[in-house]
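Listed in TrEMBL:
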type: DOMAIN; residues: D:11-139; note: domain 'Exoribonuclease phosphorolytic'
type: BINDING; residues: D:85, D:123, D:124, D:125; note: phosphate binding site
type: DOMAIN; residues: D:158-222; note: domain 'Exoribonuclease phosphorolytic'
């Protein structure tokens, strides 16, 4: 199965990460995954929501948003009502970051990860995970250097998306046009050593045979370590 | 690992389905899964949203809502803003039903599946899938009898939830209190013969070893055929 | 004037009350009045709104909502804006319950009566009053048994609706179709011994002669004691 | 029972009506009832809402609003959410005007009655009815003179409010401070010859004996003809 | 260039100010500028928004609103969303009043200026400034008499609008119809001795030559002292 | 008066413009003005709003938004209500672009200029004008090359902001911290040859002497031609 950009089925698009893109945030990174471009910023403030005990834990939440011309035709801004897709994506991202971060180490603090999509050509939640991980890494590293954080609280993790196109055709890292034509898709968030943080997939109009599903999970887990390594190179920090 | 209600780890709670609970809907069912109680109704109307070609396809959407006292303490109604969890659940449900239904067979029609949770003790999305399947089955069966539908367009499918409690402890069909204590959870929607329609899972604060994850998927797929059979008994229709 | 269901003009539809339908609420009842079906739950929590002095008084408010398929064709959920009819009905219900309950006896507490209409065939505010009365009775009775309430604070009361169909034609307890054809309607909330708690009526397109109006009030007051008695039988508590 | 302003119990406050206060509306009137001041305007436009058949009927709706400093302390504007009281009042007003107006005579047209309260010292819905009646009268009279309306479609009607203060103490036309102290209140909308258009009343914290209730209705009906006459004098049109 | 109402190009419409129009507000005035009619009320309450230090400063904000039939055809009320024009106008007004008032003299207090437009024939923001100035003057004067304010904190100021109609045609105090036809417009808020408080102008579809712009500013500044004097006559207070 | 960054009082910060930053928009530019960074995109679609005649004119509107971490501390997203400042800025921008563009040349089309602020250090509306001008230029140029536009419809224009700091201290192109300390500010939008498109200014807490005001306007007009030239260099198009 040929891809328009000549990639192999399990090949990622070029991944470029610009750390500290934003001058004000505690941590930030601009992630380019092919034509997809996500600006991730991390804000850390004092105080936690009511449902969290401030001496025992911190909190993390995520916001995700598309700029109107991130898409080939202009998408309306969500100014009066938050769309279901946006809510679903930011809940997905928030859960993933909370699972990878030891919130007890940030007792009494709230971390906000903002993922703003400047350009969307598929894989925006993957780019949000990778950019958010880089931004969070930089913010935590600053805290360690400031002496406000003792132990490193963040797992090494990454994410990838995959699609099924019938029979045994599985592609990694779908562009927007590939995503539209997929029979099913899957997003995998996992640690560098292959433990699952979040997994979300489903058929678009038809169910997925179990063997195909297992191949997709395996292919996703295989590529994640190289993505984690790429982030670490970008922020100039060795892997653990 | 003992469960408060004495169930085995991979045992479902009692499942009671009352078909045609509602006098007006094209199809309806009240599902009781232990103390969880969901009223599912199916409405079928003419017309489709703009993004659907009316001669080539129909459309299906799902709405999900908790009554305020579905929960041990009263939950505020969503009257001015729709919460993220509600949106996420109803998107999950909508995708599952669309994947299982041949929308081309309902060209020009919109199906709305409403899942209203009267009482919530864990597993509300599972009960919504089972109740919605029953209600949709009844609505489509009526169309077949009316002669407005020729070929049966619905796959036989069901859903189940599972939780991980550390090491090799996996439980099926969690109550609310079990769900709160789980280290990770997973919802599996699949056909009677084990093809995956939708899968959604993640760690709550820690990642899941791959072997545990695979055991959870397998245990879920194993129990689904018996749930599909239970729905068919309730609506008095043989399995295919 | 013949009624489709063969009732006499001043005859109620069958009234069935299932107490304690909900497992979590402080009090609850499912009321079936013909095809109309309302689930009433009562929640009692500590704290009062700002405009109430917590040591001198408690507070009661009511919320009313239709499930989307309570009606013959699907009604849109009120998720972003609350409709005028809903607000009017719940204010009507709230005033009635506050007039019948001695709020001083519940100083510092807020009572919320939720009336969720599962099926609507006319008379939903009457069913809400009867169900809310049953649920409130059960919740207060539990407080008496717990020793958290000394004196019984609730009047014995009920409600009924009536319609005028021209000349001397007055019908009690209208179905939806009867309600649509009425020239005027009236809802009466009153105590068992005939004192008025709330009255609300008006012509639909034409004014009502005073003599007819008085007949409607009289007919309403006559039937209310039997409705109060029916609720008491359902909750197994004698009338005072 | 003495009133602060020296009125007898069944005496109205001074009523001053300025017709054509607004330069643009099809009809308008400024009503002063004691210190209460309501600006009513009537707008008549082509087109009807969907639920009305344009060749068979017209439609009328009413909007009611308090200016922020209509009240002794400033009331917040309803700019993002419409309060329950506002909705209830404008539904009450709309029903009353629809019952008094022959909508068939205005087929295909929508009438909007706007009642804006410049100052509120009790009786704002009464002043809205009287001002709206005057404004509607002027708008219809203009249509008759233009030849766009053949038969006079409006009943002669008015409104009044009453309060109960225990035992046999009934007061007419309550000020804000009287209204707060009433044990029950009642608003009566009726034609000049005593037919009821809308009635709405209830106890504030205690039920009303039936005899008292009947006295209130009677006292209301007795004063309405003089109010209708006052409006007619203001707009310089004889009663029928 | 002839004006429909026979005015000279730099002539104002008749200005009538009724002080203390409202019975409850700390200060109020009804301003009539030709057919434009604005009711301004000033409310002064204890407490300031968070961003203000209560011991060092007070705060002032402004709300502006059109009654629906202020306009030749009915304008929809802003009940669920605030329009851009309304927000822009009330921010303009708020800034002007804050620049003219010494907020330190009102430490810990919030002033709300409400400008409600009863009728709009151009110049509503000018009438709001003049009416708000009168109302604020009366409210502050009351504080001085009460002994709660020592030094007079308000500059003497006013406002005016102007339009450009091509070449050297400049008109003062535009009506609505003139405003629609202007090639550019300008609003000037300034003190009696010609210092600028706020200026806002722009071309409607074409840019304004600098010389014309300077003529407009000069003409505006020339007329403002007479407007300030008119307000002072209306509130019976000499100019400083 | 010394500036922190060593600039002279009437010196601009470095201006960097990256044309075609976005892959999808009809025109786009990333503008960096010191630390301020705005992404402007232009979308051109068929169809016009109702108030525009599609054969006689086109329409242009502008949306402006801050990313949450554009600011030193995180600013909440406007997801449910649009703030007054945002509305005011985007109305200001929209008017400016409409005054500079011959809408008749784009009959039947709607142009949307989106200005998304990635980083805000003062001058965001100036950067939005410059970036929007560049993006619009590129979009129109493409239309000329496509043959869908005959005559060049856009004036050559730019914008600049200025502040007053007491006495004769006037600074050009304020940073955020300078803006906070200014006694008054002014934004000037004008053509390359000094005609005014939009002007907006006011005192922050005190009025501005007329001579100072005139100096600010003159200084603004003097610098604008060099800014227009900078944009033209960036998009590689000669000035007219």
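Quick reminder: no glycine exception, Cβ is built from N, Cα and C everywhere.
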Helix, strand, coil: count each for the residues of the domain 'Exoribonuclease phosphorolytic' (D:11-139), based on DSSP.
40 helix, 43 strand, 46 coil
Among D:85, D:125 [binding-site residues], residue with fewest other Cβ within 10 Å:
D:85
Residues with Cβ closer than 8 Å to the Cβ of residue D:124 (phosphate binding site), same chain and 6+ apart in sequence?
D:36, D:38, D:64, D:66, D:89, D:115, D:117
If you measure every Cα to Cα distance among D:85, D:123, D:124, D:125, the residues said to bind phosphate, what is the biggest one in Å?
14
Neighbour count (Cβ, 10 Å) for residue D:123 (phosphate binding site):
29
Give the sequence-ordered set of same-chain residues, not counting D:85, D:123, D:124, D:125, with Cβ within 8 Å of the centre of the Cβ atoms defining the phosphate site.
D:64, D:89, D:117, D:120, D:122, D:126, D:127, D:128, D:161
Overall pLDDT for the domain 'Exoribonuclease phosphorolytic' (D:158-222), taken as the rounded mean:
95
Could you give the number of helix, strand and coil residues in the domain 'Exoribonuclease phosphorolytic' (D:158-222) as assigned by DSSP?
19 helix, 27 strand, 19 coil
